[in-house]
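Visitor: First the structure, then my questions, so here it is.
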Amino acid sequence: MRTSSFLDRLISEVDSALRTLVLPPKRITTRQSPAENLADTVLSAQEKKHISGLMRVNHAGEVCAQALYQGQALTAQLTHIKEQMASAAAEEVDHLAWCEERLYELGSKPSLLNPIWYCGSVLLGALAGLAGDKVSLGFVAETERQVTAHLQRHLHYLPEKDKKTIAILKRMQEDEEHHAHTAMEAGAVELPYIIKQLMNAVSKLMTQSSYYI
């Protein structure tokens, strides 16, 4: 049986990048949006603007997560780790679709900075993979912990009447917690404090810029 070469994986990565960054009219998902059967809520122009900013940040975060997983799958050493990264990336596609759909409903669009975040995250993921599978899984666990905390903050910032966005973020939060738990069970190592702080600083830069652009 023919084994996957680095070139094969690189071509797959380019394909994944295009699928992530080039926005289709409607992205194909494996799961229905949590907001699918919820009624629309009357929102003021200011509320729509604020919610759009938050969802633009969440969408950018999912772009980063997708890229991180793809980069790690590119250099992961063990087959089951590669498969785990690919599975997690597939769930992140659902998150991308849900965020995109909600943005369009609000009359907005994703961040123009997404290509920058994607490239940086792919590089980080690939470097983490080269450092070893346990380190790579450590990046997954820490990334998902930070994303979970970030989603929790956004849930506090949303108007209570915006049931659609709340439902989406809660489901995303559940998935991210599961990804972190799975990574730890698979043997993730705890990252050094300085690395966690650096990741947090980059995350803040992404959130503050993507809210507006």
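Every residue, even glycine, has its Cβ placed from backbone N, Cα and C.
From a predicted model like this one, the values you see are computed outputs, not experimental measurements.
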Visitor: May I ask you to find which of E142, E144, E160 Swiss-Prot records for the Fe cation 2 site already listed with E92, E176, H179?
Guide: E144
Visitor: Besides E92, H95, E176, which of E36, E47, E62 does Swiss-Prot list for that Fe cation 1 site?
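Guide: Matched candidate out of E36, E47, E62, per Swiss-Prot for Fe cation 1 with E92, H95, E176: E62.
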Visitor: What other residues of this chain sit with their CB within 8 A of the center of the CB atoms of E62, E92, H95, E176, the recorded Fe cation 1 site?
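Guide: In sequence order, the nearby non-listed residues are G61, A65, Q66, E91, D94, L96, V147, M172, D175.
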Visitor: If I take the Cα of H179 (Fe cation 2 binding site) as reference, which of the binding-site residues E62, E92, H95 has the closest Cα?
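Guide: Closest candidate to H179 (Fe cation 2 binding site), judged by Cα separation, is E92.
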Visitor: Are there any residues in the same chain, six or more apart in sequence, whose C-beta is under 8 angstroms from the C-beta of E92 (Fe cation 1 binding site), and if so which?
Guide: E62, A65, Q66, Y69
Visitor: Would you count the other CB atoms within 10 A of the CB of E144 (Fe cation 2 binding site), including those on all shown protein chains?
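Guide: E144 (Fe cation 2 binding site) is surrounded by 24 other Cβ atoms within 10 Å.
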Visitor: Any idea what the Cα distance is from E144 (Fe cation 2 binding site) over to E176 (Fe cation 1 binding site), rounded to a whole Å?
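Guide: Approximately 5 Å lies between the Cα of E144 (Fe cation 2 binding site) and that of E176 (Fe cation 1 binding site).
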